[in-house]
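Lifted from Swiss-Prot, the feature list:
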- 33-113: domain 'IGFBP N-terminal' (DOMAIN)
- 98-157: domain 'Kazal-like' (DOMAIN)
- 169: site 'Involved in trimer stabilization' (SITE)
- 171: site 'Involved in trimer stabilization' (SITE)
- 204-364: region 'Serine protease' (REGION)
- 220: active site, charge relay system (ACT_SITE)
- 250: active site, charge relay system (ACT_SITE)
- 278: site 'Involved in trimer stabilization' (SITE)
- 328: active site, charge relay system (ACT_SITE)
- 365-467: domain 'PDZ' (DOMAIN)
């Protein structure tokens, strides 16, 4: 008689379930069962655990009970118990112990699975992690704090792993390490009108371009200051002399007298810069020396005319690296560590500008020629503001960001008023828009610069919020 297929189905399921149930009974044990081990672990049958174990705790041969493991260097592999935490049983020639080895009656030693040194929280260096754990167990037995791992490698030294991700891909850190020694912090002082006491009024950044102490920075950083002090990365300070200034380009050259050769930065070719390149800005914002920010090049040729500077021949580098007054004058560098610009201007978050290195080269060449020919540098007039020309598109953008922005579409927008300057004394404030001077309409920042050169008194009308305010500013004549 033939048995129907449907009747065979329950029998088939029972046969499939049998090995599964056997596997479940040994759950929690990944190793093959040793001889004499029960089919199912019963924790209630485990012997009492000792309070202290020299080698740490481990599972017995059956994988059921926690027992004291053998310490590092102890025998293992025959009748001895398992090795302790982090240890493995190794027979001569470094072969891990196995069932085959045990059957051949070969004994082994408990060896730490980790061979590199580690530094403990007790300031001691241990040959491996197992020795540190043993020290921690001894410490706890004496009712002292446990010893924890602080770092790989010996105490007091780093662990250099050339194959680690941070070692392979931290190219920004490599650039900073290369350029930082040649970046300087600049502190500026002025004398008080009545007491003649000098007070610090501002700070900025610069970078060394010659081994004998020539330093490039922004013109607005050093102009109208009675004393300029330069601090190197090693903390040494020097008095600096202003050698040359180009206010239109906003580049200045200062010099310190230093014995010995100084580290220098080389200028790259800004004309070869591409949008999307990584750049690093370094400087001293808020007097925090060697502060690093990173970003990409947004565009390589943001023309001064696009910024509303009608008579400007400057093509700025636009970047989203953070630039502010403190790191003005510091270098903007590429990943080769070459200077491709001077940090100079921040319009708003994510929109900053740098003077291209090709302009710096031109300035340094012309400065060398002037000094070689002995030409005197004439005094210049200064009021102490940083400004940009306002256009309808920029006015709309600023109004979207600042609800109280004035309802104007042209003029000179004041980005910053430098402390202790004629502009501050006259009452100008950040975000003011200059709309006329001495009865003449102001359309761009160049209009303001032209009037400053010609006039000794500036009667300004500025738009502040929704009000027009009359302000008088008297420019100062300064040594560039």
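Cβ coordinates come from backbone N, Cα and C, glycine included.
Taking H, G and I as helix, E and B as strand and the rest as coil, DSSP gives the domain 'Kazal-like' (98-157) the counts 18 helix, 14 strand, 28 coil. Here the C-alpha separation of residue 169 (site 'Involved in trimer stabilization') and residue 328 (active site, charge relay system) works out to 28 Å. Here the candidates are the recorded positions 171, 250, 278. The one whose C-alpha lies nearest to that of residue 328 (active site, charge relay system) is 250.
Ranked by Cα separation from residue 278 (site 'Involved in trimer stabilization'), the recorded positions 171, 220, 250 are led by 171. Note on the recorded positions 169, 220: the fewest other CB atoms within 10 A surround the CB of 169. Minimal Cβ crowding within 10 Å, among the recorded sites 171, 278, is found at 171. All protein chains considered, the CB of residue 250 (active site, charge relay system) has 23 other CB atoms within 10 Å.
Rounded to a whole number, the distance between the Cα atoms of residue 250 (active site, charge relay system) and residue 171 (site 'Involved in trimer stabilization') is 31 Å. Here the C-alpha separation of residue 250 (active site, charge relay system) and residue 220 (active site, charge relay system) works out to 6 Å. In the three-state DSSP reading, residue 169 (site 'Involved in trimer stabilization') counts as helix.
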